[in-house]
Amino acid sequence: MTDIVLNDLPFVDGPPAEGQSRISWIKNGEEILGADTQYGSEGSMNRPTVSVLRNVEVLDKNIGILKTSLETANSDIKTIQGILDVSGDIEALAQIGINKKDISDLKTLTSEHTEILNGTNNTVDSILADIGPFNAEANSVYRTIRNDLLWIKRELGQYTGQDINGLPVVGNPSSGMKHRIINNTDVITSQGIRLSELETKFIESDVGSLTIEVGNLREELGPKPPSFSQNVYSRLNEIDTKQTTVESDISAIKTSIGYPGNNSIITSVNTNTDNIASINLELNQSGGIKQRLTVIETSIGSDDIPSSIKGQIKDNTTSIESLNGIVGENTSSGLRANVSWLNQIVGTDSSGGQPSPPGSLLNRVSTIETSVSGLNNAVQNLQVEIGNNSAGIKGQVVALNTLVNGTNPNGSTVEERGLTNSIKANETNIASVTQEVNTAKGNISSLQGDVQALQEAGYIPEAPRDGQAYVRKDGEWVFLSTFLSPA
């Protein structure tokens, strides 16, 4: 709402302010002159009356301004009533009291949910503390706990007829470390059987005949060399192995040189020489394969350099060995037992492919999240609608309450006095101003009639010379103050 700005009276009887003038009353001894024309307002007789008329015109404009302001205020009040939506016998204060109670209930409910959320947050923080932080230096690959456990399960593998979780699966082969352990166990068992058979045969054999056979074998093999390093079987096995390798190499050489073929070896060698030169250039030039390989070798490094790949692999191997000890041998020891227990308590998440069982932490957290999400949305919507002292319903109520009741009943502006006080004062002032205007209009009409009569009579007796201001009324002189403010 804009401020009501009223125009100041142009003429006053007391000391004038800026932009005002004193009323020039008729003085004793002054020649009384009327208008020169029938509808003119000049002349000393008309001078104070014209000043009063100008004041009346300003008052009329001010009344129009007040009327416009009142119409605007009435429109604003109707708008306020529409915003408050107060109908029937329910008053605005009662409605505000209901809203206050609802807000108090919401605060209590929000406090309860805050306590629940704090408890949930403490539980989650405790779980996070038990899990521990991720160390990127010690573990270069980031996985979630479930993915890490899944990776460990896959590395550990499964027995025949089971899956990695130990559940029976018909026809499922063994895999991972369990598969290798089973194979090693089978090999060790077969070696034990062979050793047992050899021991049995040695015990049952004839040592004398063995001596003769050994002598015959020595004659066939020849004398023992002075520097004995390997036995005959080892050397024969080595020769057989080398023979197989030589035959494979010869076959590979034939295939490589294209034997038998049409191209001569020298042609192929020259071509290869050119290709090798090109390859050497590619290898040795700046940014070539050799330089890049050096960078790769530096990156790979060695076990004693922690930042190198080998160093990280060593750290990972050590960590995995430690993890294997921490994880446990089966589902009844180590982390596997803890994880099995946690799976029952916490429940499986979405990556497990199974819904969280009722009563598990994940199921309860999911239920709480759904409830809290709905409550948060409802509370946020209510907070937005209710607002604060400067916005929303609360802000509008505060602003309207201030606008209606004001801040200072004796203030100089409508906002300070309030709409209620201003309207009451304006009603009183308008009634008084209306009465004064009507009286002034009547007096002016009477003055105009008197002036007209004087003009027609052509004679006006002189007023008393006692220093008072007089006007003519009903054929005689009366005080101007009495004329303007009749009893």
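The backbone N, Cα and C atoms fix where each Cβ goes, glycine too.
Check Swiss-Prot against the ranges 25-36, 85-96, 145-156 and you find coiled coil recorded for 145-156.
Swiss-Prot lists coiled coil for one of the ranges 6-17, 210-221, 462-473, namely 210-221. Contacts between the coiled coil (309-327) and the coiled coil (145-156): present, as 3 or more C-beta pairs lie under 8 angstroms, all at sequence separation of six or more. Among 99-131, 145-156, 210-221, 265-284, 289-300, 99-131 has the largest number of CB pairs under 8 A with the coiled coil (361-386). Sequence-distant neighbours of the coiled coil (289-300) (same chain, 6+ residues past either end, Cβ-Cβ under 8 Å): 282-283, 308-310. Residues belonging to the coiled coil (99-131) score a mean pLDDT of 83 in the model.
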